[in-house]
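Heads up, the thing below is written out as structure tokens.
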Amino acid sequence: MIPSAITSPAPDRRALSDFRALAGRIDGNGPRYTSYPTADRFHNGPDLSLYHDALAACRADAPAPLSLYLHIPFCENICYYCGCNKIITRDHGRSARYVNYLGREMALVADRLGPRRQVLQSHWGGGTPTFLDPGEMRRVMALLHEHFELAAEGEHSIEIDPRRVDHARMALLAELGFNRVSLGVQDFDPEVQQAIHRIQPFEETRAVVDAARTLGFRSVSLDLIYGLPHQTAARFGRTIDQVLALRPDRLSVYSYAHLPHVFKPQRRIDENALPPAGEKLDILVSTIERLSAEGYVYIGMDHFALPDDDLAVAQREGRLQRNFQGYSTHAGYDQVGLGISAIGAIAGRYVQNARTLDEYYGALDHGRLPLARGVAMSADDHLRREIIGALMCNGVLDIPALEARHGIRFGTAFAPELADLAALGADGLVQCAPDRITVTPLGRLLVRRVAMVFDRYLREDAARPASTGAQAVAANDGAQPVRFVPRARYSRVV
């Protein structure tokens, strides 16, 4: 029987040693595959028929449960590293208007989906969702309950800025039905915090974590970033010491993507203070070693969880999936996106809302869904999304089962990809057999690179002349190397 999931808790010492040797040669820029096709492949333009068709198909699938993402874009202060869609303001009057328009959007969406569809997973992201005052948070939650049925047994999470909440606000979140919280930390080192314009003492974060534990939240997650200015392996190790003292249920340790040509706030970061590639690699490897030694399960890419956390259990049982929030246990449901720039994944279509308040408000003032762009998935997209998801989440692709579901001959349909995989196999990233493809412990550390092999859009890019100055990632097609040309928003694989 083909295994349904990865069973090893983390890459072993040999894999980490090989990773150090290989990373510099195989590194490059690539997608994170929170969707396929990736968001940069969406078609610009408000094709409302695409969204209407998606909602109609979702309505026909009732009473299947939904996932819901709600975007609150406001922040009081700018963090220089941030690449999120955000609005920096101290005018809390702006959020009151935004809440009213969220209600309008919910009404339009719910009217097409059918009344009070059940929501098993919801997530408030930003920006800073806790920018909203208590009254506004109650109002948004009341609107959600008016138009949807938020299942009490579901997973309902919110991103928190520990600098903006106290015990009373945490108690309010629990009262409103949130059972998971995600806290932005990035790094506890004072010099790093100064360089990224985010001063957040450890004691401030500990108070919020303690409140979450006291109030009975099901899960507490912390977000860290490595590759920030002034970081070293030793300094980041001290941050890990402090994080381990808090013992979060989940940890995300993201690689900082320095893209000042895309994200203007990053232009305030001193590039000379960024850790060199070798030091950044040391930070990552030492972090994986330390967290593994402390009992955390390496979920994949940048996610870690305690063994009894839902993510770790889902991985062991082969139920792990990915969506726009990363690894998830509920990614198989249609996801509705609400608020500016929010992305929905509904009935084989991706839809993204307008990115500015003016466009968002303007559409809703005319009684229209605030769609900005999207794409309808082809049969090939569905097939490749399943392959990429299996490799990134479970580490195993069951070829006979895939062939049966999609009516294909894998070896014929993916001959160029298999040739590329042979090259990655020679580097120890994958093991290929007639009935399966298995990602090795080393390959788990570079799983984005493995997934890129099956990205048809990257192959089409590679077939066109590379843009001037673009850095390409080589892959072997059995004859001449394929050059995967990175796009502007892609971050480094390592």
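Even glycines carry a Cβ here, placed using N, Cα and C.
When secondary structure is read from DSSP and collapsed to three states, Ile343 (S-adenosyl-L-methionine 1 binding site) falls in the strand class. Close to Ile343 (S-adenosyl-L-methionine 1 binding site) in the fold, though at least 6 residues off in sequence, lie Ser35, Ala39, Tyr69, Phe324, Gln335, Gly337, Tyr350, Val351, Gln352, Asn353, each with a CB less than 8 Å from its CB. Per Swiss-Prot, the feature S-adenosyl-L-methionine 1 binding site maps to Tyr69, Gly126, Glu159, Ile343; the stated evidence is similarity to another entry.
Around the Cβ of Cys79 ([4Fe-4S] cluster binding site), a 10 Å sphere holds 22 further Cβ atoms from the protein chains shown. According to Swiss-Prot, the feature [4Fe-4S] cluster binding site maps to Cys75, Cys79, Cys82, an assignment based on similarity to another entry.
Within the same chain, residues at least 6 positions away in sequence whose Cβ sits under 8 Å from that of Gly127 (S-adenosyl-L-methionine 2 binding site) are His71, Ile72, Pro73, Phe74, Cys75, Cys84, Asn85, Lys86, Ile87. According to Swiss-Prot, the feature S-adenosyl-L-methionine 2 binding site maps to Tyr81, Gly127, Thr128, Gln186, Arg198, Asp223, Ala257.
Summarising the annotation, Swiss-Prot assigns domain 'Radical SAM core' to 60-294 and lists sequence analysis as the type of evidence.
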Review point. Under a three-state reduction of DSSP output, how is Asp223 (S-adenosyl-L-methionine 2 binding site) classified: helix, strand, or coil?
Key: strand
Exercise for review: Pop the mean pLDDT for the domain 'Radical SAM core' (60-294) in here, whole number is fine.
Suggested key: 96
Study note, to complete from the structure: Integer Å value for the Cα distance linking Asp223 (S-adenosyl-L-methionine 2 binding site) with Glu159 (S-adenosyl-L-methionine 1 binding site) is 10
**Study point:** Shell list ([4Fe-4S] cluster; ref centroid = CB of Cys75, Cys79, Cys82; cutoff 8 A)
**Key:** Asn77, Ile78, Tyr80, Tyr81, Cys84, Lys86, Ile88, Thr128, Arg198, Pro265
Review point. So, in DSSP terms, is Gly126 (S-adenosyl-L-methionine 1 binding site) helix, strand, or coil?
Key: strand
Check your understanding: What binding-site residues among Cys79, Cys82, Glu159 are found with a C-alpha within 10 angstroms of that of Thr128 (S-adenosyl-L-methionine 2 binding site)?
Key -> Glu159
